[in-house]
Amino acid sequence: MAKSHLLPWLLLLPILCGPGTAAAITYSLACAQGPEFWCQSLEQALQCRALGHCLQEVWGHVEADDLCQECENISRLLTKMAKEAIFQDSVRKFLEQECDVLPLKLLAPLCRHLLDTYFPLIIEHFQSHMNPKFICQHVGLCKPRHPEPGKGPEPWGPLLDKLALPLLPGVPQAKPGPQTQDLSEQLFPIPIPYCWLCRTLIKRIQAVIPKGVLAMTVAQVCHVVPLLVGGICQCLVERYSVILLDTLLGRMLPQLVCGLVLRCSSEDSAGPALPALGSVPGEWLPQDSDCQLCMFVTTQAGNSSEQATPQAMRQACLGTWLDRQKCERFVEENAPRLQTLVSSGWDAHMACQALGTCAAPFSPLQCVHSPHF
């Protein structure tokens, strides 16, 4: 009888202890390889208790190759997200709602048609064709590499073949531009600003992608190390994750999507070209208005109890200088995360940095400070 009660626990024991034990043994053996293995990633440095060595001897400065590697890592993460059915459904529903609230009602059916036609193709392309190395070369974070002998051209071709634009009259085919003037006038009473519409939808997609959550997920590993080292770890995460996510989402999506689907010029779809590697100008950082909105809402709710914080944030949106609709949308999307950060002792600026709406200057000497560092 005793055996029958003991058996389930014996079966559970490998599940509860096995992975951690096996991982510890694996890392113990791997750490014996020395610094070359320790400093390949933050996780390996922590597991081998060599974070201090890696910070001082290997990670002391941010080089162009570091940015390239981090860009590729984040691109793989975003591409993986694009493959998730739940994420696709959320983005699709969100964009359909955005189509319905466009200021010019005439554009709503066209916007829906744009989604119906091209959303599945773009998702399929990200799933099967998009290469992180190519993405990061395209946005200027990796140096261009010459194609290896025997390999085909860079992966614009497959999507361009599919997006022959058979269903969208009036799309510019030869000379790209912000509007479809002098095209398809017999079908639409006004020129249809396809590139503007594309840019508008792409910017709204960025609100669905949880930049702050992704950066905070990376930062979770910092909590398993001593406080001082944990603060340095948080500094590294701030330097890489949030800045690169802002860069990739703000520059990559308009260039890749609007440039491919509608042949919008880079000036129309993504603003000026990216600067050379090694410099990260202030324009890469989040817009001041978004940062100010986050700071204001968080500050106004800072003195409230944990239960009253969401209501206090919504009340803050009644401020006369705020865009109320934008503020309420921001609170709806971010209140739970902000509440968690504020209740943990983070001030408004730190919380908004972690959320991704505010960012510190990109400098090895200036990092976000957690309550413990």
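Here the Cβ of each residue, glycine as well, is placed from N, Cα and C on the backbone.
Residues or ranges marked as disulfide bond by Swiss-Prot on the basis of sequence analysis: Cys68-Cys142, Cys71-Cys136, Cys99-Cys111, Cys195-Cys264, Cys198-Cys258, Cys222-Cys233, Cys291-Cys358, Cys294-Cys352, Cys317-Cys327. Here Swiss-Prot flags 24-64 as domain 'Saposin A-type'. The feature domain 'Saposin B-type 1' is assigned by Swiss-Prot to 64-146. According to Swiss-Prot, the domain 'Saposin B-type 2' annotation covers 191-268. Feature annotation from Swiss-Prot assigns domain 'Saposin B-type 3' to 287-362; the stated evidence is sequence analysis. The feature N-linked glycosylation site is assigned by Swiss-Prot to Asn73, Asn303. Swiss-Prot lists 1-22 with the feature signal peptide.
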CB within-chain contacts under 8 A for Cys352 (disulfide bond), separation at least 6: Cys291, Cys294, Met295, Thr298, Cys358
Of Cys294, Cys317 (the disulfide-bonded residues), the residue whose Cβ has the fewest other Cβ atoms within 10 Å: Cys317
Rounded mean pLDDT for the residues that make up the domain 'Saposin B-type 2' (191-268): 57
Neighbour tally for Cys68 (disulfide bond), based on other Cβ positions within 10 Å of its Cβ: 18
Neighbouring C-beta atoms (10 Å sphere around the C-beta of Cys99 (disulfide bond)): 21
Among Cys327, Cys358 [disulfide-bonded residues], residue with fewest other Cβ within 10 Å: Cys327
Disulfide-bonded residues clustered about Cys71 (disulfide bond) [Cα within 10 Å; pool: Cys142, Cys195, Cys198, Cys327]: Cys142
DSSP-derived helix, strand and coil totals, residue by residue, for the domain 'Saposin B-type 3' (287-362): 50 helix, 0 strand, 26 coil
For Cys317 (disulfide bond), the one of Cys68, Asn73, Cys99, Cys111, Cys198 that lies nearest, given that the recorded positions are compared by Cα: Cys99
Cys291 (disulfide bond): tally of other CB atoms within 10 A of its CB: 19
Shortest C-alpha distance to Cys142 (disulfide bond) - which of the recorded positions Asn73, Cys136, Cys327: Cys136
Candidates Cys68, Cys195, Cys198, Cys327 (disulfide-bonded residues) with Cα within 10 Å of Cys136 (disulfide bond): Cys68
